[in-house]
Amino acid sequence: MLRFFVLCTLALASRADIAEEDDVLVLKKSNFEEALKAHPNILVEFYAPWCGHCKALVPEYAKAASTLKAEGSDIRLAKVDATEEADLAQEFGVRGYPTIKFFKGGDKDSPKEYSGEWARLHFVCFLPAAGRQADDIVNWLKKRTGPAATTLGEVAQAESLIADNEVAVIGFFKDVESEGAKAFLKAAEALDDVPFGITSDDAVFSKFEVSKDAVVLFKKFDEGRNTFDGELNKADLLSFIKGNQLPLVIEFTEQTAPKIFGGEIKSHILMFVPKAASDFNDKMSEFKKAAEGFKGKILFIFIDSEVDDNQRILEFFGLKKEECPAIRLITLEDEMTKYRPESEAITAENIIAFCTLFTEGKLKPHLMSQDIPEDWDKNPVKVLVGKNFEEIVFDPKKNVFVEFYAPWCGHCKQLEPIWTKLGEKYKESSDIVVAKMDSTANENEAVKVHSFPTLKFFPAGDDRKVIDYNGERTLEGFSKFLESGGKEGGAPAGEDEEEEADVSTPGVGTESSVGPIIHL
């Protein structure tokens with residue numbers, strides 16, 4: 001009995017050692033494993049104190065933590081200062097801020113990824129925060145720790161599930177302990193944006209005209225219902241659901257963005273069109289006709305070009321409202337590549353021809369460029385555009401340091417005075433060039449910009465070498481980097497590409513990248 005009392009006392013003391021701020025546990029490497037033992041289901045945010053996204057998340061994250069604690073839930077929220085606990089952040093692959101991971105059942109080795117509502121893509125940062133409210137966090141966690149599929153014991157329950165949701169998936173299994181049912185539940189656990197039900201009730205089978213074990217996706221659009229006809233395994237079921245859960249043509253909004261970016265189809269054709277236009281329905285009709293032949297290959301999306309929240313998306317594609325309607329195509333693989341049709345006429349025939357050329361690999365990427373300013377080299381910081389980029393940065397006699405920026409980026413604005421001073425310092429240099437390029441209006445094949453600001457160094461020579469800068473964003477840091485030939489504070493391009501924020505160096509990284517990177 002005494003031993004039991006001592007163990008309980010030690011356990012309580014260990015929990016007491018974990019500090020809390022607004023019901024959020026404060027974790028360090030020294031207490032991390034103890035926290036996982038004490039709290040079997042724990043959501044951990046890896047943050048940087050200087051990160052604007054992290055600061056914006058603080059009140060909602062705390063509210064979610066308080067809600068769960070007040071309900072007596074065994075789910076706790078925690079945070080780790082990744083700039084202080086760099087080893088811990090590195091252990092869990094933290095590449096940007098905030099990174100959030102969900103540890104279920106005390107399992108340290110395989111934290112779960114979120115449903116992708118903070119996608120690591122340029123578009124998402126152009127929308128109001130999706131999934132960042134306290135209720136969103138709480139609801140996601142409850143589903144993650146609750147049953148993956150609701151048991152449907154009667155027809156009314158099944159009808160309610162279908163009626164209350166845009167998309168719902170029901171598994172019909174005579175034996176809910178069968179291997180097929182188990183595969184279905186594994187698929188259900190992997191998807192968070194679609195509700196699942198499972199039934200063995202004969203009346204439910206009869207109501208929906210199902211005679212044998214089956215998985216059916218019910219939806220309030222297109223054909224209304226899809227029945228899975230493959231082998232019952234997790235991978236094939238997930239592919240079936242993801243391939244059918246979206247409409248043939250989907251509108252891009254804050255709510256649909258996670259489904260668009262989280263899907264398996266990474267080639268997207270976009271129609272920018274004002275929904276209020278008199279010919280909107282005609283344009284949609286042509287777009288839908290074209291979409292029918294590319295289901296599962298290209299995702300067809302339309303974007304209301306009059307909506308304020310969509311203006312930066314237009315900007316990303318080099319479009320203005322008055323130039324819409326317009327068609328663009330983009331691939332979201334390791335590198336985002338954009339394509340533009342030769343004809344701007346929106347007809348099914350033109351769109352089909354454009355998509356066919358794309359699927360056959362016969363399209364060349366569309367690279368944006370402004371015209372070369374007459375005074376591009378008059379100031380200490382030289383102005384680059386797509387048309388003069390390669391000529392300047394790959395001059396074998398010059399060492400060129402370039403800031404790739406966005407005019408609307410707050411971090412770029414903060415960097416501007418320092419970058420100007422750097423240009424002043426080296427304006428008389430015979431071999432060092434300090435430059436900048438607006439990457440929202442200019443592109444090039446040599447460098448793919450994923451975040452703002454991005455800083456890259458192009459050393460003199462004939463090998464077209466590129467070095468990423470990952471040192472301190474100070475005049476002294478930049479100067480040391482240039483004086484060392486890109487060695488002090490740099491990394492070969494590609495090595496640092498995946499590390500959107502250097503977790504070991506406060507103030508370094510690309511907080512204005514595309515929004516937070518989330519792993520829950």
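Glycine too: its Cβ is placed from the backbone N, Cα and C atoms.
Pulled from TrEMBL, these are the features on record:
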SIGNAL    1-16  signal peptide
DOMAIN    10-146  domain 'Thioredoxin'
DISULFID  CYS51-CYS54  disulfide bond
DOMAIN    358-487  domain 'Thioredoxin'
DISULFID  CYS409-CYS412  disulfide bond
REGION    483-520  region 'Disordered'
**CYS409 (disulfide bond) and CYS54 (disulfide bond), Cα-Cα, nearest whole angstrom** = 16
**Complete:** CB neighbours within 10 A of CYS51 (disulfide bond), counting all protein chains shown, number 22
**Request:** Report the DSSP secondary-structure composition of the domain 'Thioredoxin' (358-487) as helix, strand and coil residue counts.
**Result:** 32 helix, 27 strand, 71 coil
**Prompt:** Rounded to the nearest angstrom, how far is the Cα of CYS409 (disulfide bond) from the Cα of CYS51 (disulfide bond)?
**Reply:** 13
**Request:** Could you pull the average pLDDT for the domain 'Thioredoxin' (358-487)?
**Result:** 92
